[in-house]
Amino acid sequence: MNPNQKIITIGSASLGLVILNVILHVVSIIVTVLVLSNNGTGPNCNGTIIREYNETVRVERITQWYNTNIIEYIEEPSNEYYMSNTEPLCEAQGFAPFSKDNGIRIGSRGHVFVIREPFVSCSPLECRTFFLTQGSLLNDKHSNGTVKDRSPYRTLMSVEVGQSPNVYQARFEAVAWSATACHDGKKWMTVGVTGPDAQAVAVVHYGGVPVDVINSWAGDILRTQESSCTCIKGDCYWVMTDGPANRQAQYRIFKAKDGRIIGQTDINFNGGHIEECSCYPNEGKVECVCRDNWTGTNRPVLVISPDLSYTVGYLCAGIPTDTPRGEDSQFTGSCTSPLGSQGYGVKGFGFRQGNDVWAGRTISRTSRSGFEIIKIRNGWTQNSKDQIRKQVIVDNLNWSGYSGSFTLPVELTKKGCLVPCFWVEMIRGKPEEITIWTSSSSIVMCGVDHKVASWSWHDGAILPFDIDKM
């Protein structure tokens with residue numbers, strides 16, 4: 001092949017490759033256009049990605065534009081509907097562990113708040129543990145003297161249920177040394193009581209914003225439930241006390257919508273005493289089991305209707321459930337009057353199950369140690385001593401404390417009834433132990449369709465801490 005033929009051959013081959021390359025590009029463009037024009041079958045250059053995190057919910061709108069990501073943080077969408085909460089309570093055969101925060105054990109080397117009065121409340125999406133901090137951390141000098149109930153440093157904060165009350169995941173709710181909180185299906189409502197004893201004020205927050213206030217009307221330590229309030233069809237109910245802790249005081253029911261108070265009524269309960277009610281929804285009404293800090297070792301029972309009419313009395317059962325208390329065998333029970341002369345008391349709870357009642361109490365008759373829940377046949381309506389079931393939650397070798405009720409909404413469980421749940425506070429430190437501080441952790445239990453074995457889910461922290469040895 002002469003040189004001219006070689007040049008022609010190479011040129012022809014090059015031209016062929018160029019033509020092939022052009023054809024491939026044309027085919028590529030055609031395929032791309034066909035794919036992008038086919039709605040729903042191909043990727044879109046613009047899109048929205050929603051990411052949720054456990055601690056809080058952060059919604060990101062991420063627009064993917066060529067090779068550039070534009071990230072825009074948008075407000076978390078609120079729920080559209082109020083929860084009904086008119087369903088009946090589920091029948092519980094036993095109570096299974098839901099969560100345990102181990103806050104004091106973790107706090108020996110972690111950044112955990114000094115707290116008291118923890119309680120749990122649920123929204124349609126989650127349950128949260130609320131607690132009253134002392135404005136200080138465990139194993140720190142500012143924990144000294146935190147046995148005191150009321151101070152300007154106390155705040156209501158919350159974490160997802162099961163998390164320790166740590167500084168990294170806690171959410172501020174209100175300035176408070178007494179509080180309640182609940183979710184109506186759209187937003188959280190919190191009530192935080194703070195201020196001087198004679199002129200305390202309760203600030204009602206809705207969606208994190210102060211909306212309304214309640215001023216002390218008796219001038220004697222206005223206080224509230226220290227457990228979940230109750231929302232039914234968008235209206236939220238709670239109980240407050242103002243007056244002496246050891247004689248006749250004044251009691252009121254409050255009703256709010258979207259955080260604004262729309263009704264209130266005085267509770268006429270001469271000779272009786274109501275504090276720290278543990279309430280839950282049941283068949284369209286609010287049922288509360290409370291604390292008599294005056295004389296009764298039986299617990300007050302308050303049932304609230306949506307129109308704020310109410311019935312009030314005492315848990316009928318012939319078994320006492322407050323602390324301190326006398327022997328079970330010496331207790332007769334009363335549906336209308338306080339029985340006993342021990343005075344003082346501790347926050348507690350009970351659940352109506354038809355005519356029966358599940359009631360929690362300390363195992364010790366004289367101190368806040370141990371905890372059990374017992375089922376008393378006909379105990380809601382009669383002076384029955386027929387104890388048909390018992391489950392130990394904390395053995396009597398370990399400290400307990402307050403306890404209270406809440407329910408799992410049907411939006412969480414997909415059941416046709418409200419699951420009864422309770423929490424038990426386990427107080428550590430002063431006044432029972434040699435420390436400079438007082439704090440607590442909690443165990444949370446929920447009703448199930450099966451019997452559950454007794455055990456001791458106690459606090460378990462080894463005291464004293466380093467700060468106590470200085």
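Note that Cβ sites are derived from N, Cα and C of the backbone, with glycine treated the same way.
Same-site candidate for Ca(2+) binding, as annotated by Swiss-Prot with D292, G296, chosen from D307, D322: D322. The substrate site recorded in Swiss-Prot includes R116, R150, E275, E276, R368, and the single candidate from R260, R291, R352 that the record places there is R291. The record in Swiss-Prot pairs C417 in a disulfide bond with C90, which is drawn from C90, C122.
The recorded disulfide partner of C290, taken from Swiss-Prot and restricted to C277, C279, is C277.
Note on C335 (disulfide bond): other Cβ atoms within 10 Å of its Cβ, all shown chains, come to 15.
Close to C122 (disulfide bond) in the fold, though at least 6 residues off in sequence, lie R128, H183, S228, F406, T407, L408, P409, L412, each with a CB less than 8 Å from its CB. DSSP assigns C335 (disulfide bond) to coil in the three-state reduction, outside any helix or strand. Considering only the residues assigned to substrate binding, R116, R150, E275, E276, R291, R368, the longest pairwise Cα distance works out to 21 Å. With a cut-off of 8 Å between CB atoms and residues at least 6 apart in sequence, the same chain places F95, F98, V120, S405, F406, T407, L408, V444, M445, C446, G447 near C421 (disulfide bond), listed in sequence order. When secondary structure is read from DSSP and collapsed to three states, C229 (disulfide bond) falls in the coil class.
Mapped onto DSSP helix, strand and coil, the region 'Involved in apical transport and lipid raft association' (11-32) counts 22 helix, 0 strand, 0 coil.
Spatial neighbours are here defined as Cα atoms within 10 angstroms of one another, and by that definition the neighbours of C290 (disulfide bond) among the recorded positions R116, D149, R150, E275, E276, R368 are E275, E276.
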